[in-house]
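**Q** Annotated coiled coil per Swiss-Prot: 43-90, 168-375, 429-898, in sequence order, evidence recorded as sequence analysis. Annotation source Swiss-Prot lists compositional bias 'Basic and acidic residues' at 139-151, 527-540, 558-622. Sequence annotations record features per position, and here Swiss-Prot assigns compositional bias 'Polar residues' to 543-552. Residues or ranges marked as N6-acetyllysine in Swiss-Prot: Lys21, Lys348, Lys510. Among the features that Swiss-Prot reports, phosphoserine is placed at Ser41, Ser136, Ser138, Ser522, Ser562, with the record citing similarity to another entry. Under the heading region 'Disordered', Swiss-Prot lists 1-37, 125-155, 507-622. The zinc finger annotation in Swiss-Prot covers 922-961, and the record cites sequence analysis as its basis.
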Amino acid sequence: MSGIGSKRAAGEPGTSVPPEKKTAVEDSGTTVETIKLGGVSSTEELDIRTLQTKNRKLAEMLDQRQAIEDELREHIEKLERRQATDDASLLIVNRYWSQFDENIRIILKRYDLEQGLGDLLTERKALVVPEPEPDSDSNQERKDDRERGEGQEPAFSFLATLASSSSEEMESQLQERVESSRRAVSQIVTVYDKLQEKVELLSRKLNSGDSLMVEEAVQELNSFLAQENTRLQELTDLLQEKHCTMSQEFSKLQSKVETAESRVSVLESMIDDLQWDIDKIRKREQRLNRHLAEVLERVNSKGYKVYGAGSSLYGGTITINARKFEEMNAELEENKELAQNRHCELEKLRQDFEEVTSQNEKLKVELRSAVEEVVKETPEYRCMQSQFSVLYNESLQLKAHLDEARTLLHGTRGTHQRQVELIERDEVSLHKKLRTEVIQLEDTLAQVRKEYEMLRIEFEQTLAANEQAGPINREMRHLISSLQNHNHQLKGEVLRYKRKLREAQSDLNKTRLRSGSALLQSQSSTEDPKDEPAELKQDSEDLATQSAASKASQEEVNEIKSKRDEEERERERREKEREREREREKEKEREREKQKLKESEKERESAKDKEKGKHDDGRKKEAEIIKQLKIELKKAQESQKEMKLLLDMYRSAPKEQRDKVQLMAAEKKSKAELEDLRQRLKDLEDKEKKENKKMADEDALRKIRAVEEQIEYLQKKLAMAKQEEEALLSEMDVTGQAFEDMQEQNIRLMQQLREKDDANFKLMSERIKSNQIHKLLKEEKEELADQVLTLKTQVDAQLQVVRKLEEKEHLLQSNIGTGEKELGLRTQALEMNKRKAMEAAQLADDLKAQLEMAQKKLHDFQDEIVENSVTKEKDMFNFKRAQEDISRLRRKLETTKKPDNVPKCDEILMEEIKDYKARLTCPCCNMRKKDAVLTKCFHVFCFECVKTRYDTRQRKCPKCNAAFGANDFHRIYIG
């Protein structure tokens, strides 16, 4: 393709000029290398040789150009890579420099309190590398991006200005930027120094001992910190806003980068495809050049020559002779005339065919109408019509009879089915009633059983509790009786000890009166000091043992009480949980019973509404059964309440056992106190015996004084003992009252035991009642079973009725059979009539055969006419063809007789060149050459038209309206 185009282009500037003139023109402009063509016999050979040499030179020039293009392409790629690395490094430097300036500005805003530095670094300029514009379709997008970015930053295109400016201007601009950064850094240093000075002043004021200075420093520091806080808050808000805007811009830029990367990948793929296409075209061009050279060599070697006034092999193509061109034009005109003649003939034939078809249809319609009229007028048709009408009337009558029989049969069947359905409905409703009643009774029975089981379990629990409490109660009775006896004995002993004390006091008074001498005092002085501390020790030990014993007994009692209290609390908690569970179960059962009763009542109401007129007796029975069941339910609920009360009574028993434990502890305490009193009485008796012995001794007089002192001490002790005795007596009274309370409590417990026994008896009676109810329910169940049997008997009776109805149905079916027999006889008569009709049809067939014979003869005549007309048409056709041949031969004769008025070959070539140029120009704009192909439909246009169509979203082929996309058009290179 490119080779052919280049050859034409080389030969375009006037082919009529001879080669000598061409060389002269070339010499006038440029120096051309001389080429030896060898021996040439004619101008045609000279043209061929010159063209061959031109082709070779052009091929060499193309190879050189291709090599230069490859070198330049590699050089361009290297430069692009270098530029990309330089741009990347410049962008990195600019980014970090701008970041540095931004950080300096933020630091100044952060620390400079005196002046607002919002506009400090307005001179800061961002290094932005202008991206290359690879395609025309992306230019508009970049313009839009620039328009958007113009309002965002004041100095946006620093690198662009650097690229457009000279080296001196670049140095000045960079110097300005460095100066601005240096000034910002120096300002940071000054700000930091100011802050340092301020901090030092505040620290001096704070460190100074003066309170006023400290207050001033604190106030200044507070104000400073408040200002700093507000400034920092503003700064954080500003930075947050900036961060938001930057994040949004970053997301936008990231999306743009992704789209650009996808576009770059698409463009790279397109470049690869185009490169591959170029390589392919070049290979093809080289192959064609080689092939053309071989063809030319063969032509030269074999000695082919092309003669004619303007014939020449130009650019690898052989031009056409003018005479041949005229001949071809003449032939084309003749062919046009022939085509017109043929078209006229075809039109005539089509019109004739339409006329014949219309006549044929008319004749068919006339034939049909004529045959029907003829058949209707025949006497056989009229006879058949009368017979058909008679038979049709008879068949209608038979149909009416048959329909009546069918309606009767359907009616009887319908009534029978309705009766059966009614019986089945009654049976189903009765079954449902039975089921509901049985289910209700079973539910009530199950509830009664559950309640009975619950009561039995509770009764067993109460029995077990009573069995456990029985031996405890017996032991308590024995203990109480033994304690009563023991208390009586203790009272007697106390009275006896009181008497002994009175006697001892009287004896002591007597001894006081007797002892008066000093001898007894001296004798007693040696022995009494030894005895007194021993006695005192004994008394103190007795008191300690008494207090320890009382404390131990109290602790034991408290421990027992605490254990019992814990056990009772656990029991109470368990019993409460059981009660709650039982109450929940009972509530659930009650709800179920209510739901079931509601459902049963609804079902009964529905059943009653359906069968009000039929089952009055059944209603009364059901109402009585329901009343009985309700009464039994009420009784069961009352018995349940009584059982609950009994359970509560049994649960209250452990609390009374607590009082028993307290009484036991009080009794133990009183026993211990009585034992202590006995021991003290024994000690006093021993002392009296010792004193009597001492008084009998000779040294009694000496010890009188000591005895008097001892008497005083003993008097004090006696007063103490009296007080203790009074306390013991009060305690004895308290124990007596407690004992009386215990007796009363025991009486109450006995009453409760009796009540429990009565409750147990009631439970047993209720159990007997429940057994009786169970028996009654069984009897009711048996009655219901009897009712079921009666219903079954009713169903059997209804089945008998159904059988009778079926017998009636059989009778009706026999009647239908007789009717069908009559119908068969009628059908036989109809068949006889059909036979007659068949005979008439045979007659009609004979007539048809005669008619067909006549039609055959007519067809034969028609065929002969058609054959004659066809032969005539053939003769006419041959005559026309002969006339056309004569006219064509006459034209040839005229052309041979005419002189040679053939135009020059250069004019023909120029017209061909114009035609080819018109073909190579774009049909959309009629300006540019075709250099883009649509791969969907393979129509060729210029790349600018296709691109504008793609950008303006008119993505359809201008010729065939085939849709195309971004990857569906490619560049092509034609010469």
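The backbone N, Cα and C atoms fix where each Cβ goes, and this holds for glycine too.
Fair warning: this is a prediction, and the values are worked out from it, not measured in the lab.
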**Q** Around Lys510 (N6-acetyllysine), how many other C-beta atoms are within 10 angstroms of its C-beta?
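**A** I count 10 other Cβ atoms within 10 Å of it.
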**Q** Rounded to a whole angstrom, what is the C-alpha distance between Lys348 (N6-acetyllysine) and Lys510 (N6-acetyllysine)?
**A** 190
**Q** Applying a 10 Å Cβ distance cut-off over all chains shown, what neighbour count does Lys348 (N6-acetyllysine) have?
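**A** Total other Cβ atoms inside 10 Å, all chains included: 10.
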**Q** Using DSSP, what is the helix/strand/coil residue split across the zinc finger (922-961)?
**A** 9 helix, 7 strand, 24 coil
